[in-house]
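The structure under discussion appears below in the form of structure tokens.
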């Protein structure tokens with residue numbers, strides 16, 4: 001029955017005349033207020049949306065949105081980790097402005113989001129699935145690792161990444177929770193279609209294509225398993241899956257080496273292992289696309305597609321073994337470049353917009369669609385002027401209202417320094433900590449899209465220019481110092497709360513395999529760090 005539903009959804013859009021779709025999406029709705037559906041995936045590499053159709057993985061519904069809406073070619077996360085990135089999207093503010101430092105410290109539970117604002121202005125609202133923008137979530141291990149990242153020890157904190165196959169060629173529902181939430185969302189859309197008098201905003205958060213938990217890691221397991229079924233894996237032309245180039249371990253930037261080690265990626269991998277991880281990840285992206293398709297199909301079936309804005313994006317990307325890492329927590333393209341597609345009323349089809357944008361821009365965009373006044377003190381800019389700027393299928397020029405730079409920051413686990421990225425005209429500048437204690441990196445994406453050559457030492461004048469601009473946006477040495485103080489305070493509070501059981505608890509976190517080789521030495525390293533005045 002599930003297989004039949006998927007096939008029916010695909011049939012609807014392969015059989016629906018293209019001119020009918022274009023006409024439906026361009027007509028002004030009778031109700032001046034349009035609906036909005038936002039689908040936010042987790043860990044979706046935005047570069048996949050830039051590829052030719054079916055080149056690496058079959059993504060029919062993303063391609064449908066590309067054809068009938070707008071694709072942002074340069075969309076970036078404001079923090080390559082779950083909770084802070086989502087806090088930026090919901091608040092419209094850079095993470096340092098809300099002190100969203102890690103997966104445990106984000107927005108307060110009563111923080112007014114853009115959805116709260118549109119609800120007060122007459123919209124019916126619904127949030128379903130993964131939201132993950134409030135403080136207090138994620139595992140104990142995750143937060144302790146984030147707090148202690150400045151301690152000078154090196155411990156593996158993640159399971160070794162692996163690829164697992166489940167089910168058979170007819171199994172479509174691998175991520176059961178996502179499918180359950182999509183079923184709830186489609187039922188909600190069907191019910192909303194019966195009420196034509198009140199517009200709605202629907203948010204749906206997916207878990208896919210985030211790696212699955214690795215329960216073999218013990219009590220405090222992380223997520224390092226790329227899991228899919230043969231049904232989705234057949235959507236990936238295996239011969240097209242590439243093996244990324246790696247620098248020798250001894251040549252890696254020190255923060256990259258720390259990340260590779262803590263992510264359990266410094267041991268040898270066979271080409272087969274790497275290719276499987278990447279292929280399975282792409283298959284997980286195909287399943288996420290199928291979930292998006294259920295939402296688009298529901299809007300089409302209920303006659304709401306023509307008066308609904310559909311947004312597809314992600315909190316961050318996935319490295320999938322690029323730069324000898326998996327997961328995110330990095331400013332490399334696989335981790336920081338996110339998908340962003342928008343289609344809906346009055347959006348010209350087939351647009352490819354080159355202006356660099358980020359998640360904070362969705363806050364004012366949602367408010368503008370809702371006809372609500374946009375606050376002046378936010379970090380983002382509405383994307384609506386860009387979306388209505390061009391009526392042809394060529395790349396739309398940059399609009400002066402929106403700056404042509406993006407900023408991202410990271411303060412969580414699996415990286416041993418606060419990290420800041422400035423993207424400006426295809427230059428990517430990455431600064432760390434206080435700007436002096438850790439060397440920066442600079443990449444020319446126009447000639448080095450794989451980011452294998454750090455040219456910071458070759459063009460010092462460009463480094464100086466980019467660093468000056470970054471400091472005009474964020475006083476990053478001051479922010480790094482604040483995070484350092486926060487980490488110490490929170491760790492001390494947690495240690496006091498654990499009491500006499502501290503030694504046992506800290507030894508059994510995700511790093512337990514390494515920790516238990518020299519437990520006393522690691523405890524002493526933490527004690528020395530707590531007492532130090534150095535602000536890294």
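Positions of Cβ are set from backbone N, Cα and C atoms, glycine also.
Taken from Swiss-Prot, the feature signal peptide applies to 1-24.
Residues or ranges marked as Ca(2+) binding site by Swiss-Prot: 42, 82, 315, 316. The Cβ neighbour count for residue 42 (Ca(2+) binding site), using a 10 Å radius over every protein chain in view, is 24. In the three-state DSSP classification, residue 42 (Ca(2+) binding site) falls within coil.
Sequence-distant neighbours of residue 82 (Ca(2+) binding site) (same chain, six or more apart, CB under 8 Å from its CB) are 42, 103, 132, 138, 315, 316, listed in sequence order. Marked as 3-oxoalanine (Cys) by Swiss-Prot on the basis of similarity to another entry: 82.
Sequence annotations record features per position, and here Swiss-Prot assigns active site, nucleophile to 82. DSSP classifies residue 82 (Ca(2+) binding site) as helix under the three-state reduction.
Taken residue by residue with DSSP, residue 253 (substrate binding site) is part of neither helix nor strand, so it is coil. Around residue 253 (substrate binding site), the same-chain residues six or more apart in sequence whose CB sits under 8 Å from its CB are 439, 441, 454, listed in sequence order. Swiss-Prot lists 130, 253 with the feature substrate binding site.
Counting Cβ atoms from all protein chains shown, residue 195 (N-linked glycosylation site) has 10 others lying within 10 Å of its own Cβ. The DSSP secondary structure for residue 195 (N-linked glycosylation site) is coil. Taken from Swiss-Prot, the feature N-linked glycosylation site applies to 195 (among others).
Summarising the annotation, Swiss-Prot assigns N-linked glycosylation site to 264 (among others). All protein chains considered, the CB of residue 264 (N-linked glycosylation site) has 22 other CB atoms within 10 Å.
All protein chains included, residue 377 (N-linked glycosylation site) registers 7 other Cβ atoms within 10 Å of its own Cβ. Here Swiss-Prot flags 377 (among others) as N-linked glycosylation site, drawing on sequence analysis.
Non-local neighbourhood of residue 416 (N-linked glycosylation site): 149, 150, 254, 255, 258, each in the same chain, at least six residues away, with C-beta under 8 Å from its C-beta. For 416 (among others), the entry in Swiss-Prot reads N-linked glycosylation site, with the evidence type sequence analysis.
Look at Swiss-Prot and you will find 501 (among others) tagged as N-linked glycosylation site. With a cut-off of 8 Å between CB atoms and residues at least 6 apart in sequence, the same chain places nothing near residue 501 (N-linked glycosylation site).
Residue with the densest Cβ environment among the binding-site residues 130, 316: 316, by other Cβ atoms within 10 Å. Shown in sequence order, 43, 77, 81, 85, 86, 132, 210, 314, 328 are the same-chain residues outside 42, 82, 315, 316 whose Cβ sits within 8 Å of the Cβ centre of the Ca(2+) site. Here the candidates are the recorded positions 130, 195, 264. The one whose C-alpha lies nearest to that of residue 377 (N-linked glycosylation site) is 130.
Classification of residue 501 (N-linked glycosylation site) by DSSP places it within a helix.
In this view, residue 315 (Ca(2+) binding site) is surrounded by 31 other Cβ atoms within 10 Å of its Cβ, with every protein chain counted.
With respect to their backbone Cα atoms, residue 130 (substrate binding site) and residue 195 (N-linked glycosylation site) stand 26 Å from each other.
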